[in-house]
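Structure first, commentary second.
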Amino acid sequence: MNVFVGLINGMIAGATPILLAALGGTFTYYAGIFNIAMEGMMLGGAFFGVLGSYYFHSWPMGILFAVLGALLMALIFIVFTVYLKTDEFVTGIALNLFAVGATTYMLRQIFNVKGSFSDPGIISIPKVDIPLIANIPVIGSILSGQNLMIYVTVIAVLVCVFVIFKTRFGLRLRAAGYNAPSLDSSGVKTSSMRIWSLLICGVLCGFAGAYLSLGYVTMFVENMTAGRGWISLAAVILVNGNPWGIALISLVFGFTDGLGLFLQKFMPDQFTAMVPYLATLVSLYFYSIQKRKKAQ
């Protein structure tokens, strides 16, 4: 039973950063943006989250700095893709590489270390105990005592569904992706909706980065996102931007992440580290088969 609870908790912990970033990617997906820069946004958020938490000895400041760091990356992406009309794919790759280089450089210049930075002064995001639920056998261990950002993620899914499908903003957002000329003719600029979608994506990627460096672990490691932004993009594509589907796919990827950690007891680390990415490739393979069948 302890193994089962451990796997479920590992699944939830592994799914959280993927789901948060993927929810951000949902907004850009509906706005008609192929956003592969989520990896860089998340990494920027992870670094600045540690920076804010360490210098202010406050996890809320860490989250605020993480959001600002991710928004900085989002603003760079906005300048190049929306205003300068550069290719989204090329710009996204460049931004991801820039984020890796910039965070590595700042890690060495600010903290005087290479590879990783951990310190007792970094205040982690707390876990939340739910009084009544915590006493329920098995279920209490899963639903209570989780990191605060996990509960924020659940709320974020509900808010995302409501905003995209139940509000005027969401209608305009979807119009920006489906029929941009019609949206422009109605008096709403497509570019403004795309800017808003990228800013929202930046905030959610900032949350994802904050969780990685202040919740999942309490430290910053060079390139610690380790492809999670790409997995988030795959999750969005696999379910065509459906937030409920993204939540389910993220849990699947989170389970493979937790399974990889569990298998480290029996297999080499190099093999278990591949498990989430193998799951992504297999998922994309079946998605391509399904897409071809629909086309026929």
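Cβ atoms here come from the backbone N, Cα and C positions, even for glycine.
Here is what TrEMBL says about this protein:
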TRANSMEM  7-30  transmembrane segment
TRANSMEM  36-56  transmembrane segment
TRANSMEM  63-83  transmembrane segment
TRANSMEM  89-107  transmembrane segment
TRANSMEM  148-165  transmembrane segment
TRANSMEM  195-217  transmembrane segment
TRANSMEM  229-251  transmembrane segment
TRANSMEM  271-289  transmembrane segment
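Long-range contacts of the transmembrane segment (36-56) within its own chain (CB-CB distance under 8 A, at least 6 residues past either end) are made by residues 17, 21, 24-25, 62-70, 72-74, 77, 88-89, 91-93, 95-100, 102-103, 106-107, 110, 117, 119, 121-124, 201-202, 205-210, 212-214, 219-220, 223-225, 227-230, 232-233.
Nonlocal intrachain contacts for the transmembrane segment (148-165), taken as residues 6+ away from its ends with a CB within less than 8 angstroms of a stretch CB, comprise 12-13, 16, 19-20, 23, 26-27, 30, 125-128, 173-174, 204, 207, 210-211, 215, 243-244, 247. Across 89-107, 195-217, 229-251, 271-289, the stretch most heavily in contact with the transmembrane segment (63-83), judged by Cβ pairs under 8 Å, is 195-217. Note on the transmembrane segment (229-251): residues 11-12, 15, 18-19, 21-26, 29-30, 35-43, 96, 157, 160-161, 164, 205, 208, 276-277, 280, 283-284, 287 of its chain, located 6 or more positions outside it, place their CB under 8 angstroms from a CB of the stretch.
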